[in-house]
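Record features (TrEMBL):
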DOMAIN    B:86-300  domain 'ABC transmembrane type-1'
TRANSMEM  B:30-56  transmembrane segment
TRANSMEM  B:90-111  transmembrane segment
TRANSMEM  B:123-144  transmembrane segment
TRANSMEM  B:176-196  transmembrane segment
TRANSMEM  B:217-242  transmembrane segment
TRANSMEM  B:282-303  transmembrane segment
Amino acid sequence: MSQHADAIAARAPKGPPVRTQRLTLGRVFTHACLIFALLIFVFPFYWMVSSSLKPLEDIYIVPVPLWPPRPSFSNYLEIVGLIPSDEIDFRGGVSLVRTFLNSTLIAVINTAGNVFLASLAGYAFAKLRFKGRNALFLSMLATMMIPNSVGLVPNYLIMAWLKWINTWYPLIIPGLATPFAVFWMRQYMTTVPDEMIEAARIDGCGPFSTYLRVVAPVVLPGMAALAIFSFMGHWNAFMGPLIYLNKPELYTLPLFLAVLNSFISGRPTPLHLIFTASFVSILPILLVFLFAQRYFIAGLTAGSLK
Amino acid sequence: MAVSSAPPAGQPAYRPANSRYYTWEKVAPYVFISPFFILFGIFGAFPLLFAVWISLQEWKSVRANEYVGFENYARLFTDSNFHIALSNTAILGILVVPLMVIFSLSLANVLNQPIRGRVIYRTAYFLPVVTSLVVVGLLFDFLLGSPYSPLGSVLEIFDIEFKGLLEQPVFIKPSILVMILWRWVGYNMMIMLAGLQSIPHELYEAARIDGANGLQAFIHITIPLMRRVIAFAAILSTIGMFNVFEEAYMLVGPGGGTDRAGLLMGLIIYSQAFRSFNFGYASALAYANAVIIIALSFLQILASERAASD
C-alpha cells in the first residue's frame, strides 16, 4: 500500500504537468452544443412523463406549461383499471396490466428460447466439426440479406393454415431461434480457446456438458447482450401483433398503444392514457438500459463487429 | 461418463472407447443445430421461396388463388402508389443518410475526447434507440402534428402560428426525417464511437506535433480511417429507410397521410398485404424492395472500396 503510494509520489513530479480543464471559449461552445442536443433527445421523454401526470383537459392548455398545473397519478390508476374508464371500455376493455403481462410472457419465452437454442447452434457452428457446416452457415447468412418484408405474406399464410391466427404462436415460435442470434453467438463462441474445449473432453465431458459447463459460462456476456437485444425486440414488436391479433385479451403493449390511439367517432383521443401507457411500456427497457448499458450497446450495435 | 478401458490403437487417447458415446459425439452437432434449422426452415427459408410463388399468383382469399405469371411484376410499372412510395423512400433516404452520418460522426467525435460528463451525454443520446418505435411514432405524432404541442408554444414566442404540421403534405416528409434522425442518431453514434476508438492515438499526437489543428486532424486522419465505418453506417441507414414501418404507421397511417406524401415502401407492402389483401402483389412489391435494397448495398460497398483505393 505505502509502497504503491511512494511509487506514485516518486513518479508525479517527473511526468508532464496535469492539464486542468480550463474554461476556454471553444470548450464552452462544445458544451453548449452537447447540452442543446441533450435537450432535443431528452425533452420528448420529459414531456411524455409530465403529460402522464395531467388530466386530459390540461393536455390542451396553450401555451404548454412546463410542469403540470394539477399533477396527479389518476391516469396511472385509470390505465391499470383501478378507476373505471370509458375510454378503455370503448377500446376493447382490457387494462394495461393484462397487456403488460402478455408482452412480458411473450418476450420472456422468446428470449429464453433464443439464448439457449441459438447458443447451442452457435457452439456447433463455431467449435464442432461436421459435414455441411460451412454450407449450412453460409445459406443462413445469405438469407439474412433479404429483408423481413419478403416473408410477411408467406408467413401469414403458413400461420393461417396452422390455425394460429389470433394466438400467440406466430409471435413466439418463429422467434425461438433466429439467424441473427445464431450468427451473434457463433461469433462470440469463436473467441473461446480450443484448448479449453479439448481439456473438457479429456476430462470426460460429452458435447452437451462441454457446452453447458465450459463454454456457456465463458460466453455469458454474449448471451446477456443477446438476451437484452432479443427481449427488447419482442417487447417492442408491433407488426406481428398487428397482423395476427385482434382479440383485446391477447394484445401486447405496442398494439394496445396503437388501439388507444385509434380513431373512434364521437370519442376524444385519450391522450392522457396514451402518454401514461407509453411511459409505462418503455420503463422496463429504460431501467435495464440504465443499469446494463454495456450489454445493451454491445447487443444493439452488434452488426458493426468486423 | 466413466472412461473404463484404454482406447484402441489409432484413436486419440482422450476419446472414450464407449461406442455409444462415440456416436453421440458425431451426431451431437446436428442435434445442436436442428431446433434452429427446423424453425428457420419453416419460418425463415421456406417463406422466401414461397413468396416467389405467391408473387406469381392473384390471391382472392387465404386459400383461393390463380396463376397470373409476371402480371404482379408488370403492375409495378403502372402502379402510381408504388412510384410514389419508391420516390418518397428515395428522397427521404437521400436526406437521411448524409444527415445521419454527419450528426452521428460529429457527436461521436466530440464524445471521443475527454469531455466532462460524456457518459451522461452518451446515455442521453442513446435513449431514443431503446424506445419502442410505436412510442416514438406516438410522441412525434403529437409533438409535430398537434396544435397543443409544446413546439407550438415555442414558435409562438417568435410569432409563428402553429396548427400542427402533419395535415400539410409539404411538412410530412420533414417530419418523418426529424423523427428518424431523432430515433437513430444515437445508434449510429455508438457505431462511430467504436470505430473512432480503434484509431491509434499516436496518429493524432503526431499530427499535433506537426502543427495540425483539430479540424485538419479530423479531415486527414479521422475521415480516411473511418471510411469503412461510415460506409457501414450509411448502408445500415439506407436499408433501414426501405424497411421503415412502425413509426411511419403511427405518424401518417398506413396510407401515407395527406396526398400520400409519407407513403413509404414499408407502408405500401403492409397495406397491399393486409388492408387490400392483394397477397400476390404485396409479395411482388416485397421482392422489388429486396432487390433495390441489395443493389443499393452493393453499390455503396463498391463506392466505398473505390474511394478507399484512390
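Going from the start of the chain as shown, residues are counted 1 onward.
Cβ from N, Cα, C; glycine included.
Unlike curated entries, TrEMBL annotations are predicted automatically.
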Long-range environment of the transmembrane segment (B:217-242) - Cβ separation under 8 angstroms, sequence gap at least 6: 89, 92-93, 96-97, 100-101, 104-105, 109, 180, 184, 188, 191-192, 194-196, 199, 203-204, 207-208, 264-266, 289, 292-293, 296-297, 300-301, 303-304, 307-308
Contacting positions for the transmembrane segment (B:123-144) when only residues 6+ beyond its ends and CB under 8 Å are counted: 107, 150-151, 164-166, 171, 175, 178-179, 182-187, 189-190, 245-251
Touch test for the transmembrane segment (B:30-56) and the transmembrane segment (B:176-196), at least 3 Cβ pairs under 8 Å: no
